[in-house]
Amino acid sequence: MLSSLRKSHPVLKIVNGALVDLPVPVNLSVWWNFGSLLGLCLIVQVLSGLFLAMHYTSCVEMAFDSVVHIMRDVNYGWVLRYIHANGASFFFICLYFHVARGIYYGSYVLMETWNIGVVLLFLVMGTAFVGYLLPWGQMSFWGATVITNLVSAIPYVGEMVVYWIWGGFSVDNATLSRFFCFHFLLPFVLMAMVVMHFLFLHQTGSNNPLGINGNLDKIPFHQYYSYKDLLGFFVMLLLLIEFSMLFPNALGDSENFIPANSLVTPLHIKPEWYFLFAYAILRSIPSKLGGVISLVMSICVLFFLPFLHIKGCRGCSYNVFMQLNFWLMIGCFFLLTWIGGCPVEYPYEFIGQVLSVMWFGVFLVRPFLDLLWLYILDY
């Protein structure tokens, strides 16, 4: 009876097609688990954020104190806050693994799914950025001031747009209120985009480690992959809880323990660790407008991967040159993250400039490496 119900009920039929009887390639590896882990991260963030929003006050006089109130007076408020703060870091770790897997195995050939995924990456970054201002600490305040002020680099209308974002002539009460509003709203936009991402993925079918058409050898998602995903859920939740209990402030900034003060500038203004690679590219360009364009293009370059693809080559699994290119990209990412947290002085500034050129270079040379590999195979 249950079997017939899930196949006949209008709502359960959709769920059944998406999660139970979904045909999936037989050879998916553990790297395909990060998609479901991202869904879990989104649920954890929405639920913990919902309870935090019940006790938070989006007013400059009370924002910092309301966070202290959550930590000290609300039952298990400290757990909620640390889970939410470190959950964002785990979200980005899973997100970067998910993108890296897509690049390595050539998932960008599924163009609609890939492009919606890149839009999702921008939305997650935007959500995390507006949330960073909410504790109203020193680094939150100055980070938001510096990053939003970059919009003034837009010719003609830039300064006016900055004032519109701020709601005045500086980051103040209006800015905090609208950032809180956006931080509450954007996760629901994210959910809608995730459904679209899911929809397009099921239209084309999932990629697989071999990069070939897997229609001849598919298995149902449940029970083969559902239990595998559940194991990933338990491992990630265990790591998140353990990290939040033992090292709750390891990924935060000590400046945020000081209430925001517009008269005192921190020694080194920097965003959260998951933005540091893009921030390092921004700082490497002497021109303000050039830096902003480079910042945006450091992620927008992912949109161009389907167009840089050469037919006949898919992913890096069997292409030695593309494997070297991929691991060079990963090395650049980690080094840029390190440079983004260093002061703007020699030799860090010079290293950042070299790494910025390399970051864009590894994407631009991809078609030539594909052609070289095809030439070697034909030879």
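The backbone N, Cα and C atoms fix where each Cβ goes, glycine too.
Per Swiss-Prot, the features are as follows:
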- His84, His183: heme b b562 binding site (BINDING)
- His98, His197: heme b b566 binding site (BINDING)
- His202: ubiquinone binding site (BINDING)
- 34-54: transmembrane segment (TRANSMEM)
- 78-99: transmembrane segment (TRANSMEM)
- 114-134: transmembrane segment (TRANSMEM)
- 179-199: transmembrane segment (TRANSMEM)
- 227-247: transmembrane segment (TRANSMEM)
- 289-309: transmembrane segment (TRANSMEM)
- 321-341: transmembrane segment (TRANSMEM)
- 348-368: transmembrane segment (TRANSMEM)
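Location within the structure of each feature annotated in Swiss-Prot.
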| residue | record | Cβ contacts under 8 Å, 6 or more apart |
| --- | --- | --- |
| His84 | heme b b562 binding site | Gln45, Ser48, Gly49, Leu52 |
| His98 | heme b b566 binding site | Phe34, Gly35, Leu38, Gly117 |
| His183 | heme b b562 binding site | Gly49, Thr127, Val130, Gly131, Leu134 |
| His197 | heme b b566 binding site | Thr113, Ile116, Gly117, Leu120 |
| His202 | ubiquinone binding site | Gly17, Ala18, Leu22 |
For the transmembrane segment (34-54), sequence-distant contacts whose Cβ falls under 8 Å of one of its Cβ atoms, 6 or more beyond its ends:
70, 77, 80-81, 83-84, 87-88, 90-91, 94-95, 97-98, 101, 180, 183-184, 187, 190-191, 194, 229, 232-233, 236-237, 240
Under 8 angstroms, Cβ to Cβ: which one of 114-134, 227-247, 289-309 has the largest number of such pairs with the transmembrane segment (78-99)?
227-247
